[in-house]
Amino acid sequence: MSHSKILILDFGSQVTQLIARRVREAHVFCEVHPCDVSSDWVREYAKDGNLKGIILSGSHASVYEVDDRAPDAVFELGIPVLGICYGMQTMAEQLGGKVEAGHTREFGYAEVRAHGHTELLKGIEDFATPEGHGMLKVWMSHGDKVTQLPEGFKVMASTPACPIAGMADESRHFYAVQFHPEVTHTVQGQALLNRFVLDICKASPDWIMGNYIEEAVAKIREQVGDEEVILGLSGGVDSSVAAALIHRAIGDKLTCVFVDHGLLRLNEGDMVMDMFVGKLHAKVIRVDASDLFLGKLAGVSEPEAKRKIIGGLFVDVFKEQAAKLKAGDGGHKGATFLAQGTIYPDVIESGGAKSKKAVTIKSHHNVGGLPEQLGLKLLEPLRELFKDEVRELGVALGLPREMVYRHPFPGPGLGVRILGEVKKEYADLLRRADAIFIEELRNFTDESGKTWYDLTSQAFTVFLPVKSVGVMGDGRTYDYVVALRAVQTSDFMTADWAELPYALLKKVSGRIINEVRGINRVTYDVSSKPPATIEWE
Ligand code: XMP
């Protein structure tokens, strides 16, 4: 099946990914590629006739500092183009207009006046002035600005500080805005991007996860043929959805390896087995490696050292299983593929777009490494999807909502939620306390009926290996302390501590102290990130 597609050329803005997410929210397929692709590459990309439009992103740089320009083909293919911020400036400059360095930076909230009844902004406004001008509430972040329109363009939007805050050449379907429609602070941003991709580019909104299953299944079958696949199942969203999808495609030719490092949450291992083996009838090898992990962690209290041990052992245990499967244990002919739950942000962030521009923020553990070492081919069926799409796909594949919409859980598990040295006794206490906290977060709702689990982005309990004095009945207790942590965040880079209702905190604290013998004090962490981090280690 071929989809309409939108090409997003990345000039290095931190929010380029958001453009892609907004386009996908309009159910249109899109890809982010570096701005320094060649004109030939763009023409080749457009050759199948599916390319309906191009978006030029913003940049952290000024057109004066860098020589990044859009490949000429962008303006020669006869398809609509939308420039955003730097994308607008380079469009203006490349088509014969002028850009000048601004003396003042315009940063943050702005009100933009729409001009000239363009197709892009027609009927889109937040309010009207008494004179009847349509106004937009937007988010701006720029120093330079366009001071002279290229030939054929007219002014589409303005602010007092930026007389050309938007421009359009409607005969060629070229549009540009100085503000950022992709960020949520621009109230009509999604409406503007929908207008561009659906009405101006006429892309068909056919990127729908329910329908994508069939297409993805066909692709997996074609890639795998009659070979066999191994997948490391962690219980997290990405590996679970990848497993369900691949299982749908090739059934028994998929074997999942689930390494239990003894630092999982209460009953987590059983729940994963119940879902994948009990309900989906997938083949899962459960490796109970908790003694091995806890043994190697004994006496180690430094967080990074613990992470290294857990990560290293995990790879060792998984490799051992994979080698057996590759060798064809149990009458199988041997696996040749390793499946991973790599998702599109991993691909973009790890510079998978092969660009100096695709900002390398972190090298993700999913990309590269293991398959080469194991001599296996790589199968990554979620490579084109954003997290929201992976979740939708998971639900469409029949995975339970609670599993698919779970808070993230770090790879080292409870290993970084037990401060200092990890001991089985501590892990057992923590598991029970944490289960109570999560259960009550799911029980309590706000006035709109949403649960506090869904109202928080991540919530968990931390074990503090210190003892404090308490009193229970007639006796004195001298037991451990736990801290509850709950945060709200959109990107996990910054986070606010959640203002949980006192009634919820009271219930959780009462239950933990009464039900978990060994803990006699519960605290709530009221630190935001930065300067604190979300995890305690
Ligand atoms: P911090 O503590 O850095 O956490 O504010 C940000 C997000 O990253 C998760 N996290 C990890 N995930 N391995 C992981 O897979 C790790 O070692 C790790 N450390 C932190 C954390 O849970 C939060 O979602």
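Backbone N, Cα and C define each Cβ position, glycine as well.
Please treat TrEMBL annotations as automatic predictions, because they have not gone through curation.
For C85 (active site, nucleophile), the same-chain residues 6+ apart in sequence whose C-beta sits under 8 angstroms from its C-beta are S13, S57, G58, S59, S141, H142, V177, Q178, F179, H180. Here TrEMBL flags C85 as active site, nucleophile.
Under the heading active site, TrEMBL lists H180 (among others). There are 23 other CB atoms within 10 A of the CB of H180 (active site), with all protein chains counted.
Residues annotated as active site in TrEMBL: E182 (among others). For E182 (active site), the same-chain residues 6+ apart in sequence whose C-beta sits under 8 angstroms from its C-beta are V15, L18, I19, R21, R22, I84, G189, L193.
Look at TrEMBL and you will find 207-406 tagged as domain 'GMPS ATP-PPase'.
Per TrEMBL, the feature ATP binding site maps to S234, G235, G236, V237, D238, S239, S240. Under DSSP, G235 (ATP binding site) is assigned to coil, being neither helix nor strand in the three-state scheme. Cβ neighbours within 10 Å of G235 (ATP binding site), excluding its own Cβ and spanning all shown chains: 21.
Around the Cβ of S239 (ATP binding site), the number of neighbouring Cβ atoms within 10 Å comes to 21.
Between the binding-site residues S234, S240, the minimum number of other C-beta atoms within 10 Å of a residue's C-beta occurs at S234. Excluding the listed site residues S234, G235, G236, V237, D238, S239, S240, the same chain places L233, V241, A242, G341 with Cβ atoms within 8 Å of the centre of the ATP site Cβ atoms.
Long-range C-beta contacts of G236 (ATP binding site), restricted to its own chain and to partners at least six residues apart, with a cutoff below 8 Å, comprise G341, R406, P408, F409.
The 10 Å shell around the Cβ of V237 (ATP binding site) contains 23 further Cβ atoms across the protein chains shown.
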